[in-house]
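Below you'll find the structure, written out as C-alpha cells, and then a few comments.
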Amino acid sequence: MFCPLQLVLIPTLLACSLGLNDFSTSPAELTVHVGDSALMGCVFRNLEGKHVTKVDWMLSPGKHAEDEYVLYYYGNLSVPVGRFRNRVFLAGDLLQKDGSLLLQDVQEADQGTYTCEIRLESESKVLKSKVVLHVLPEEPKEVTVHVGDSALMRCIFHSTEKKRLTQVDWMFSSGEHTKEIVLHYDLKFQFPERYFPYQGRYQNRVNLVGDISHNDGSIMLQRVKESDGGIYNCSIHLGNLLFRKTLVLHVTTEKSQTLIPEIPRPELLGGNQLVIIVGIVCATLLLFPVLILIVKRTHWNKSSLNSTAFVKSLENMEKAYPEKHVYSSITTQEVREEEEPSGKSEATYMTMHPVWPSL
C-alpha cells in the first residue's frame with residue numbers, strides 16, 4: 001500500500017540531494033513601445049545570510065527560435081552578450097538578492113520570455129523568475145497642436161517592480177544652447193505631493209498629470225503659445241536608475257488652418273448619396289435627346305401653322321377680290337375708211353386683255 005507514496009517521495013529526495021529542484025515564481029508581464037526602456041525584476045526576499053554568486057538572463061523568443069543569452073554575472077563581473085551589448089545592465093542590488101535587468105532602446109525583436117536564474121553561495125538551488133515582454137510599435141516622438149490648445153507629453157518608465165520614483169524633470173530647448181526648466185518634481189521636499197513649475201512663461205500652464213506611483217511623469221501644457229515649439233527632454237529618477245525621453249513640440253497658428261480650403265473627398269459621401277448622384281447623371285443623359293426632339297417638334301409645328309395661315313389668307317383674299325377682265329375696243333380710222341366706200345356695216349374689233357388685281 002506504500003508503493004505509490006514511495007514512487008513520489010524517492011524522486012523528490014533525489015532531486016533535493018542532487019540540487020535539481022528549482023524555485024521559480026509566476027511570470028510577470030510588461031508592455032513597452034519600441035525605443036523605450038524596460039526594467040524586468042528578479043528579486044527574492046527572505047534569503048538572509050546568503051550571497052549571490054551567479055546571475056543568468058536568457059531570452060526565449062518562441063516560434064521555434066533558439067534561446068539566447070542576454071547577460072550573465074559571475075565573479076563580480078557583469079557581461080552583456082550578443083546584440084544586447086551596450087543595451088542591458090544589472091540594475092538590482094545583489095546584496096539584497098535583486099538581480100533585476102534594465103533593457104534600454106527596446107527593439108521589436110526583443111519580444112519574448114525573459115528568464116532570470118540566480119544561484120546562491122553554498123546552495124544547490126536555482127532561483128528562477130520570468131518576465132513576458134510585449135513590444136508595441138514606436139510612439140510618435142513629435143506632437144503637433146494649434147495655438148491656444150493643450151499638449152499632452154508622455155514620459156513613462158516601464159517596470160515590473162514597484163520602484164519609488166524620486167525625481168522628475170522637464171527641460172525645454174528651442175534648438176539653441178540655452179535650456180529652460182519647465183517642471184521639477186523632487187521627493188526630498190517637505191511636501192512631496194507637490195510639483196514646482198518654475199517662475200516664467202510656463203507658470204500656471206503646466207500640470208503633472210502622470211501617476212507617480214506607476215513611474216508616470218507625463219505633463220499637460222495648456223494654452224500653448226507659438227514660442228512653446230521646440231524640444232522637450234524628460235528625466236525620471238528611480239534611485240540610481242535614470243530614464244530619459246525626448247519629444248518635439250510643433251505649434252501651428254490658426255491662420256494656416258484657414259488658408260487651406262477643405263476639399264470634399266468622395267469617400268466622405270455615404271453609399272445612398274453616391275447612388276442618387278449617379279442616378280441623376282444617368283437620367284439627365286437619357287432625357288437630353290428626348291428634350292431636343294420635343295423642342296424641334298414644337299418649332300416645326302409652329303412653322304407649319306404659320307404657313308397654313310398664310311395660305312388661308314391668300315385664299316380669302318382671292319375670294320374677296322375675284323378676277324376681273326377688262327375689255328378695250330380698238331377702232332382704227334383706216335378700217336373705217338376702207339369700209340365706207342363699200343357700203344358695208346360698220347364693224348368693231350374687240351381685243352381682250354386680262355387685268356389681275358394687285359395683291
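Glycine is treated like the rest: Cβ placed from N, Cα and C.
Heads up, TrEMBL stuff is auto-annotated, nobody curated it.
Under the heading domain 'Ig-like', TrEMBL lists 11-128 (among others). A mean pLDDT of 84 is what the model gives for the domain 'Ig-like' (11-128).
Residues or ranges marked as domain 'Ig-like' by TrEMBL: 137-236 (among others). Mapped onto DSSP helix, strand and coil, the domain 'Ig-like' (137-236) counts 6 helix, 41 strand, 53 coil.
Annotated signal peptide per TrEMBL: 1-19, in sequence order.
The transmembrane segment annotation in TrEMBL covers 274-295.
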